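Below: the structure, in structure tokens.
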Amino acid sequence: MPARGKISVLIVDDSGMARAMLRSIFEDEDDFDVVAEAVNGREAIEMVRHLRPGLVTMDLEMPEMGGLEAIEEIMCSKAVPILVVSGVADAQKAFGAMSRGAVDVVAKPNVTSAREVEDFVDKARLVAKIPVITVPRTRSAPAAGPTPVPQAPPPPAAPPAGDGGIIAIAASTGGPQALAALLAAIGRPLSCPMVVAQHISDGFASGMADWLNSISAMPVRLAAEGERLTAGTVYLSPSEWNMSVTESRHIALALRPERQVYRPSCDALLTSVAQVAGRRAVGVILTGMGSDGVAGMEAISKAGGTTLGQDEGSSVIFGMNAIAIERGWVQRVLPLAELAASLLEITGASVGAAP
């Protein structure tokens with residue numbers, strides 16, 4: 001039984017060395033209690049049923065049953081918060097795990113790096129606090145949140161963004177799932193480019209871009225220095241760099257400061273889009289912890305652009321979007337399921353038109 005008041009943890013990994021490393025990290029913290037270890041997905045399923053841990057750390061490549069199958073079985077029977085702890089080589093598969101119900105993805109920490117260990121522990125604490133629900137066994141598309149409540153649309157705050165506009169999106173915890181649902185719901189190329197800053201562990205952005213590209217009707221790619229923005233394309237910022245858009249509408253990547261808390265910076269991206277696109281800038285702030293992106297939404301709002309925010313009911317973490325809403329920088333607060341239609345409207349597309 002876990003100690004009272006502590007987060008009970010089940011570690012799932014076929015590597016004894018990896019399990020020992022994770023156990024050591026958790027045992028150094030006062031608020032975690034490792035209750036069991038499993039060497040494959042099949043063992044993990046049985047242990048979850050009997051122990052009901054507060055957190056499962058899940059590897060992906062294991063004998064007998066891998067992490068993907070185990071996650072799907074756990075989330076459709078005895079749902080618990082699952083944090084995928086994976087190597088960068090499994091990045092695309094790791095994001096596939098999120099479509100099966102895993103809460104988040106993190107790289108296996110280097111125990112010689114105090115910063116990596118601290119980031120890992122903070123992520124584990126956050127994931128353990130996120131409510132999860134049992135989900136259907138079969139998913140044909142990423143979950144798009146609850147059924148939207150009909151609302152009368154407010155008058156547009158800016159002209160259609162399709163001609164010279166840029167959509168800039170800020171996201172953190174829960175963002176990969178939200179982005180997947182949003183892109184799937186848009187379902188067609190937009191008439192302007194989309195740039196995205198999603199907080200993510202180093203090395204995983206490329207895998208996330210590949211995963212989103214498999215879902216989206218628009219090409220999704222990892223942003224590259226000097227690349228010119230193209231309408232109907234989604235550009236994802238690497239975590240190791242802060243992305244911005246230049247006056248000539250090219251991508252600029254600046255090496256992030258070592259002690260930067262949020263990686264990559266949402267504020268840097270959104271602020272640059274406000275400066276470049278002005279009234280035709282569209283800022284979207286999705287689910288996530290912290291305040292990164294709030295200043296960027298302020299910049300877009302003050303430039304006369306259009307600002308959208310994901311509502312509390314469809315957010316995994318109502319944090320950065322909540323702050324932007326409270327400060328008055330979000331003109332339209334919408335459930336995740338309504339954001340796609342709003343973006344189609346803003347960019348001048350007809351929601352009912354064929355692609």
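Each Cβ is built from the backbone N, Cα and C atoms, and glycine gets one as well.
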When you get a sec, could you say which of 139-161, 300-322 is annotated region 'Disordered' by Swiss-Prot?
139-161
According to DSSP, how is the domain 'Response regulatory' (8-123) divided among helix, strand and coil residues?
53 helix, 25 strand, 38 coil
Cα-Cα distance linking D292 (active site) and S172 (active site), given in Å to the nearest integer:
9
Just name the most isolated of the recorded positions D59, S172, H199, D292, going by other Cβ atoms within 10 Å of its Cβ.
H199
Could you tell me which three-state DSSP class S172 (active site) falls into?
coil
Whole-number Å only: compute the distance from the Cα of D292 (active site) to the Cα of D59 (4-aspartylphosphate).
29
Take the C-alpha atoms of D59 (4-aspartylphosphate) and H199 (active site) and report the distance between them in angstrom, rounded.
21
